[in-house]
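So the structure is just underneath, and the comments pick up after that.
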């Protein structure tokens, strides 16, 4: 395991208090997508965060609360606002203000799981990210630019969209023999730089990671089953490590940006047990053993 990761895992002592091992927020979810923010938030807890907040739609809040009572779920917008242009405009402002009010409680904010693409949600995310940049709050979002505290986790299809949005041409990207895009590590470094130094984690058989200056490849084996929810699990685990890194930076300045490797290892272990029937919950169940291997908890 990467020694930098081990250094940022908070110690567990008899004098520790609730919240010291990480307070993670997840801004996402909608009436159609309640699983995504749940997978992200619960993964943060299972990998070792103390508290996990979900900021979501009124129509999703009660459903997510029913999934697990450990999560603190707060509705920050009404789904019906999306049906009216004026209500949506005011809703974006109201929603962003509510999310921003949680900043003082959080060490990291995950933005985007299950949030959809309605213009109201996109506008709210922009407002939230602007405030997060001002507060230097580590953010793991679906969109951002010019914020070095941001981490993006696109798959190949999403990477191509970001690539073209940054002004690059699709024809510059390598392709496989079958004609599918296969962005290189150098491409990931280019994109991170073009987006102003955000960290880009391009998911795939091997994850390419860069902040525009340095670039590494994580080639740990993951499971072969591509079930729904894996990206959401990654966002929760990576969000926790970003929070720990933020806390550690205040003490020693250490950097560790490949915490997402824990999700790959958990996926590998879950697939070894369940094969074709592997689901997101099976991967989450393996996070405990993965983090225990990385940083064993003190024995009583």
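The count begins at 1 with the first shown residue.
Glycine is no exception: its Cβ is also placed from the backbone N, Cα and C atoms.
Feature list (source: TrEMBL):
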DOMAIN    1-294  domain 'YjeF C-terminal'
REGION    1-21  region 'Disordered'
BINDING   114, 155, 156, 157, 158, 159, 160, 161, 232  (6S)-NADPHX binding site
BINDING   203-207, 222-231  ATP binding site
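Within the same chain, the residues at least 6 positions away from residue 203 (ATP binding site) whose Cβ sits under 8 Å from its Cβ are 153, 154, 155, 156, 231, 234, listed in sequence order. Of all the binding-site residues listed (156, 160, 205, 227), 205 has the fewest other CB atoms within 10 A of its CB.
A distance of 22 Å separates the Cα atom of residue 160 ((6S)-NADPHX binding site) from that of residue 227 (ATP binding site). Taking every pair among 114, 155, 156, 157, 158, 159, 160, 161, 232, the residues listed as contacting (6S)-NADPHX, the largest Cα to Cα separation comes to 20 Å. For residue 229 (ATP binding site), applying a Cβ distance below 8 Å and a minimum sequence separation of six or more within one chain yields 35, 36, 39, 279, 280, 283. In the structure as shown, the Cβ atom of residue 114 ((6S)-NADPHX binding site) sits within 10 Å of 24 other Cβ atoms. Just so you know, of the binding-site residues 223, 231, the Cβ with the fewest other Cβ atoms around it within 10 Å is the one at 231. Secondary structure of the region 'Disordered' (1-21), assigned with DSSP and counted as helix (H, G, I), strand (E, B) and coil, comes to 6 helix, 0 strand, 15 coil. Cα-Cα distance from residue 114 ((6S)-NADPHX binding site) to residue 227 (ATP binding site): 15 Å (rounded to the nearest whole number).
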